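Student: One structure coming up, written as structure tokens, with questions to follow.
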Amino acid sequence: MNRPIIALDFPSKNEVNSFLANFPKEETLFLKVGMELFYREGPTIVKELIAEGHDIFLDLKLHDIPNTVQSAMRNIASLGVKITNVHAAGGKEMMTAALNGLKEGTPEGREVPKLIAVTQLTSTSETQMHEDQLIPVSLRESVTHYAKITEDAGLDGVVCSAHEVTFIKEETSSSFICLTPGIRPMNSDKGDQKRVMSPSEAKTIGSTYIVVGRPITKSSTPYETYLEIKKEWIGE
Ligand SMILES: O=c1ccn([C@@H]2O[C@H](COP(=O)(O)O)[C@@H](O)[C@H]2O)c(=O)[nH]1
């Protein structure tokens, strides 16, 4: 079972270091570096965290023309991250280009990072999808469609809410990754998230990975909260 992925949504390296000081040195973590941190600290923070023994999901959600995404992925491939991503809304051609870029840029002998695609953000409700994106189908249909084209493009899986995992699993291969943010322990604040689920429910439903940010990063006891979530998710 995969460790919960902690979203390092911090403004800079200083806050990251203070946060990680709450964890024992020997506890290697699966960490998510997103736009906020990456746009301040750049690739250096990714390399430093890897050097400390952590695994990294680089969550930059690329969405651009195929040529640009392919070139960007060539650079990301050299960083040594485990997982990275694009938006499925960029289409099959863009996703295939992204995968080609990752393969081209991965140094000999190193594993190509897993490439996954965002379906509908977990902060999007069905009403918002209808009104803002003018997508007239149900959220479930939209997410399942994005999952199918993601698999057709040769990617490893999707980012979705845990609510859609069952439907995606019905339409894709058994190894297809469903990485689910929007995870909230019982009675914790949803914030801007709309489609949320608890760690134990996500486990039951078959999420491959869970991503947890604020419930851990804003906790007064981050390590204890992490261990509670890990226990609920992994069962140990
Ligand atoms: O659909 C998506 C895609 C990415 N995210 C990211 O996950 C974390 C969630 O943080 P919380 O504090 O646990 O809400 C955050 O970094 C998002 O950028 C997502 O939430 N939903």
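Just so it is clear, glycine is given a Cβ too, placed from its N, Cα and C backbone atoms.
Caution: TrEMBL annotation is automatic and unverified by curators.
Annotations for this protein, taken from TrEMBL, read as follows:
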DOMAIN    3-229  domain 'Orotidine 5'-phosphate decarboxylase'
BINDING   ASP9, LYS32, 59-68, THR122, ARG184, GLN193, 213-214  substrate binding site
ACT_SITE  ASP59  active site, for OMPdecase activity
ACT_SITE  LYS61  active site, proton donor
ACT_SITE  LYS61  active site, for OMPdecase activity
ACT_SITE  ASP64  active site, for OMPdecase activity
Student: With the Cβ under 6 Å from ligand 1 as the test, give me the qualifying entries from the binding-site residues LEU60, THR122, GLY213.
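Tutor: Near the molecule: THR122, GLY213.
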Student: Find the shortest Cα-Cα separation between GLY213 (substrate binding site) and the active-site residues ASP59, LYS61, ASP64, and name the residue that gives it.
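Tutor: Spatially nearest to GLY213 (substrate binding site) by Cα position is ASP59.
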Student: Given the binding-site residues ASP9, PRO66, THR122, state which is nearest to ASP59 (active site, for OMPdecase activity) when distance is taken between Cα atoms.
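Tutor: Sorting the binding-site residues by distance from ASP59 (active site, for OMPdecase activity), the top entry is ASP9.
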Student: Within 10 Å of each Cβ, count the other Cβ atoms and name the one among the recorded positions ASP9, ASP59, ASP64 with the highest count.
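Tutor: Buried the deepest by this measure is ASP59.
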Student: Around the C-beta of LEU60 (substrate binding site), how many further C-beta atoms are within 10 angstroms, looking at every protein chain?
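Tutor: Its Cβ shell of radius 10 Å holds 16 other Cβ atoms.
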Student: Please report the Cα separation of ASP9 (substrate binding site) and ASP64 (active site, for OMPdecase activity) in Å, rounded to an integer.
Tutor: 23
Student: List the same-chain residues at least 6 positions away in sequence whose Cβ sits under 8 Å from the Cβ of THR122 (substrate binding site), in sequence order, or say none.
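Tutor: Counting only residues 6 or more apart in sequence, the Cβ neighbours of THR122 (substrate binding site) under 8 Å are CYS160, SER161, THR180, PRO181, GLY182, GLN193, LYS194, ARG195, VAL196.
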